[in-house]
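S.K.: Here's the feature list from TrEMBL:
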type     : residues                    : note
ACT_SITE : His60                       : active site, proton donor/acceptor
BINDING  : Trp20                       : substrate binding site
BINDING  : His50, His54, Asp56, Glu173 : Zn(2+) 1 binding site
BINDING  : Asp56, His161, Glu173       : Zn(2+) 2 binding site
Amino acid sequence: MMTNEWIDVSQPLTNDMAHWPEDTPFSYSLTIAKQDSGSVNIGQITTSVHTGTHIDAPFHFDNDGKRIDELDVNLYVGEAIVLDVGNVQEITVETLGNFSFDGVTRVLLKTSLPNDHTRFPEQIPNLDPRIADFLAEKGIKLIGVDMPSVDALDSKELPTHHALYTNGIHILENLMLDNVEQGNYELIALPLAIKGADGSPVRAVLRKKTETDHN
Ligand SMILES: Nc1ccccc1C(=O)C[C@H](N)C(=O)O
Ligand SMILES: [Zn+2]
Ligand SMILES: [Zn+2]
């Protein structure tokens, strides 16, 4: 059987990468050099947990919501469908109504936003909060986007975050889908086990399903 290779759809974590204005930038530095320790190089990282490819815990936008370490890891591993919605600036129920969801529980939206991890976008396509009900009805438990947020960048109310949460749909942000075509994949995007956290970086990878794969 032909097996496809896993492909990386995560933003590289670089010291010049984009971050939310007023949020903590990502930085990696070597704090102990081998010539000084006599044995090893040791680095440290500093970052907001919402920089780069990451998941939101419900606690990010709801004080009573689950924290990262309380989330089921099964949400982040398994079959996912990539949908190309790059033809619209506003993603609505009507946009999604054109697709078949095939009984998958994870949907990744590829928008028109070009992937550039060094540039924080000025504007992003809008996700109508009403898609939450629609996706929940299709059995979706995880939505992934190639943008820093599922709401407008200046939103304080975060209507789409809340609508998804209310419908039991978890959120994955800042995927890199430029080189991924629409279709059925397997996804791995596991968060770190950060106790009590509101979000976590993930390493997100996809593998295209072949016709011989079972569902
Ligand atoms: N880090 C921030 C700093 C300031 C204002 C918003 C954010 C966010 O993270 C919101 C976004 N909806 C997110 O989940 O990534
Ligand atoms: Zn986030
Ligand atoms: Zn978010």
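Note: Cβ is positioned from N, Cα and C throughout, glycine not excepted.
Just so it is clear, the model here is predicted, and its values are computed rather than measured.
Buried or exposed, and what's around them? Tell me for each listed feature.
M.R.: Residue density at His60 (active site, proton donor/acceptor): 20 other Cβ atoms are found within 10 A of its Cβ, drawing on all protein chains shown.
According to DSSP, Trp20 (substrate binding site) sits in a coil region rather than a helix or strand. Under a cutoff of 8 A between CB atoms, and with a sequence separation of 6+ in the same chain, the neighbours of Trp20 (substrate binding site) are Ser48, His50, Thr51, Phe120, Pro148.
Spatially close to Glu173 (Zn(2+) 1 binding site) yet at least six residues away along the chain are His50, Thr53, His54, Ile55, Asp56, Gly144, Val145, Met147, Pro148, Ser149, Val150, judged by Cβ distances under 8 angstroms.
DSSP classifies Glu173 (Zn(2+) 1 binding site) as strand under the three-state reduction.
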S.K.: How many other Cβ atoms are found within 10 Å of the Cβ atom of His161 (Zn(2+) 2 binding site), counting all protein chains shown?
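M.R.: Its Cβ has 23 other Cβ atoms within 10 Å.
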S.K.: Counting other Cβ atoms within 10 Å of each residue's Cβ, which of the binding-site residues His50, His54 comes out lowest?
M.R.: His50
S.K.: Take the mean position of the Cβ atoms of His50, His54, Asp56, Glu173, the recorded Zn(2+) 1 site. Which other residues of that chain put their Cβ within 8 Å of it?
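M.R.: Once His50, His54, Asp56, Glu173 are set aside, the remaining close residues are Val49, Ile55, His60, Pro148, Ser149, Ile171, Leu172, Asn174, Gly199.
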S.K.: Test of understanding: give the count of other CB atoms lying within 10 angstroms of the CB of Asp56 (Zn(2+) 1 binding site).
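M.R.: Looking across every protein chain shown, the total is 26.
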S.K.: Neighbourhood of the Zn(2+) 2 site (Asp56, His161, Glu173): other residues with Cβ within 8 Å of the Cβ centroid, in order?
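M.R.: Result: His50, Ile55, His60, Phe61, Ser149, Val150, Asp151, Leu164, Ile171, Leu172, Gly199.
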